[in-house]
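K.L.:
The feature region 'Disordered' is assigned by Swiss-Prot to 1-30, 455-490. Taken from Swiss-Prot, the feature N-acetylalanine applies to Ala2, supported by a large-scale study or a structure entry. Summarising the annotation, Swiss-Prot assigns compositional bias 'Basic and acidic residues' to 17-30, 455-478. The repeat 'WD 1' feature in Swiss-Prot is assigned to 80-118. Under the heading repeat 'WD 2', Swiss-Prot lists 124-162. As annotated by Swiss-Prot, repeat 'WD 3' applies to 168-208. Annotation comment: Swiss-Prot describes 213-252 as repeat 'WD 4'. For 271-309, the entry in Swiss-Prot reads repeat 'WD 5'. Look at Swiss-Prot and you will find 345-386 tagged as repeat 'WD 6'. Per Swiss-Prot, the feature repeat 'WD 7' maps to 401-453. Per Swiss-Prot, the feature domain 'PPIase cyclophilin-type' maps to 490-645.
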Amino acid sequence: MAAESGSDFQQRRRRRRDPEEPEKTELSERELAVAVAVSQENDEENEERWVGPLPVEATLAKKRKVLEFERVYLDNLPSASMYERSYMHRDVITHVVCTKTDFIITASHDGHVKFWKKIEEGIEFVKHFRSHLGVIESIAVSSEGALFCSVGDDKAMKVFDVVNFDMINMLKLGYFPGQCEWIYCPGDAISSVAASEKSTGKIFIYDGRGDNQPLHIFDKLHTSPLTQIRLNPVYKAVVSSDKSGMIEYWTGPPHEYKFPKNVNWEYKTDTDLYEFAKCKAYPTSVCFSPDGKKIATIGSDRKVRIFRFVTGKLMRVFDESLSMFTELQQMRQQLPDMEFGRRMAVERELEKVDAVRLINIVFDETGHFVLYGTMLGIKVINVETNRCVRILGKQENIRVMQLALFQGIAKKHRAATTIEMKASENPVLQNIQADPTIVCTSFKKNRFYMFTKREPEDTKSADSDRDVFNEKPSKEEVMAATQAEGPKRVSDSAIIHTSMGDIHTKLFPVECPKTVENFCVHSRNGYYNGHTFHRIIKGFMIQTGDPTGTGMGGESIWGGEFEDEFHSTLRHDRPYTLSMANAGSNTNGSQFFITVVPTPWLDNKHTVFGRVTKGMEVVQRISNVKVNPKTDKPYEDVSIINITVK
């Protein structure tokens, strides 16, 4: 076989490989037409086979709204879950306001007004006025914080200079007033103030520094009694609302009381301001954002509505009705069932006595957040992202009503802080920090409460008590207490003699005098003799004090029930604690229990009035007896023989 040349070998290899490669030929026009027809037939068949709605192209998921710098804004709001401090009036506090001049003003049901000054940390008392002889109906502070006024059912208006905390004028109105509001802006010639007649829709405009003669009367603007009058200082316009759900815009003396020209509507039908009338509700609180562009309202139907001021269009609606809270509790438990039931009872009482009208709403300094009180506590709502970002005071035993918000630094230093001062490393200047504070009133309480960024101190010293007793008891209260209480009605120790041994206890008559008095008098009278420990839960507590032995009986020495006496130094933080059994807030009778473990979840729900000092093993033995698993009642009775009060 002849040898092949290199080129011949390469050609032969190429020829052998060529058949294996596919031919790259183009489809003819006829073949292309056939292929398209087949493809169309397949598509038609697929369409015929498809039953139901056609699949749509997947839509892009909506991007969640985010408020830029939200964390910074929230840092300038109170964040503590419990109130730091509380102060007293003689009677139930109904109103509270905070001024731009760093004053906090509180008013109580008996016509008294108190001025407090915001300092770097906390507040200090300034002055006390007996402003009205009767009930205070409404209070108002001017937009720049210089003037304050109050109206009461003594048919009078009192005007105060805030900075100098002095009463400067008194107007005799000649009618029962309902609402009041300063309607002047800085620079106006007249310090005009508006007051409404309680039983009609009339609005009277006065010179706050002048006499009793009104400058102007709106007698046809509203046909029903007014519920709110509020000034928007940015747009120099006033918004008023009445019980028929109507909302009106108007101006003060500089614009001759006419309709404002700086809004983008002429007819109310172009707005959403008929929303309240459509829902058969009316605003009980109105406030404006710092830039004046948003109006926040709370309605009598417990819905929070936020409008745009210029257009009158509805922006947000938050449902805070009782039915919504009930559904929320059923979906995801917010509170223990017993506590939820107690708070619902308070809400129904609020509606019964028409106290819902005292609940207000406020904006923060940025206008991005609204704050208002609910049965769960103080809600902080981000109106831009539509989310509840914080709830304050959820574990407190108070129903928050009116709020006043202080933000920033109290203006104690006369010289302004310069850029150089801020950049310096001066430790004195660095200590000057903002102290955001919410000051709030509570339903049927003669105290106002302060929520800050600081949690309350939980020390055992009486000096660190967060509830400040800044009011002395009246002569009548002292007389009643002296007559009712003999010198030996209370004691600081007692021995409970049981069928299983003696339990020595220490009592706290100073911290909870009424509870200890009830226990001591019952004990001396032999009331507890023969009572069984009718409820025993191993690893929890032993309960007694019911003459019926069912857990449903017993009463106090005064007959019926008496109020709770919570004290910050007396907690369920250790075993062998004596505490009152109850069926809810302020329902103490004669039943009490002794814990065998720490039970902190009972704090501010049951009154601690004593501790076991000797005989802990007796308590343990009683807690270990066999009981009916359904009723927690022991199979063999363990009873109190008698109680010796020393």
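Cβ coordinates are placed from backbone N, Cα and C, and glycine is handled just like the others.
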K.L.:
May I ask for the residues of the chain that lie six or more residues beyond the repeat 'WD 6' (345-386) and have a Cβ under 8 Å from a Cβ within it?
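P.N.:
Sequence-distant neighbours of the repeat 'WD 6' (345-386): 64-67, 70, 73-74, 76-77, 94-95, 227, 284-285, 287-291, 293-294, 296-298, 300, 302, 304, 306, 315-316, 318, 320, 322, 325, 334-335, 392-394, 396, 399-405, 407-408, 438, 440-441, 443, 451, 584.
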K.L.:
To what whole number does the mean pLDDT across the repeat 'WD 7' (401-453) round?
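P.N.:
Within the repeat 'WD 7' (401-453), the model's average pLDDT equals 79.
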K.L.:
Count the residues of the repeat 'WD 3' (168-208) that DSSP assigns to helix (H, G, I), to strand (E, B) and to coil, and report the three numbers in that order.
P.N.:
0 helix, 22 strand, 19 coil
K.L.:
Can you work out which residues elsewhere in the same chain, 6+ from the ends of the repeat 'WD 3' (168-208), have a Cβ less than 8 Å from its Cβ atoms?
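P.N.:
Same-chain residues near the repeat 'WD 3' (168-208) but 6 or more away: 137-144, 147, 149-153, 155-161, 214-219, 221-231, 233, 236, 238, 240, 242, 252-254, 257.
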K.L.:
With a Cβ cut-off under 8 Å, give me the same-chain residues at least six positions beyond the ends of the repeat 'WD 2' (124-162) that come close to it.
P.N.:
87, 94-95, 97, 99-101, 103, 105, 107-117, 168-182, 184-186, 191, 193, 195, 198, 206, 208-209, 231, 233, 470
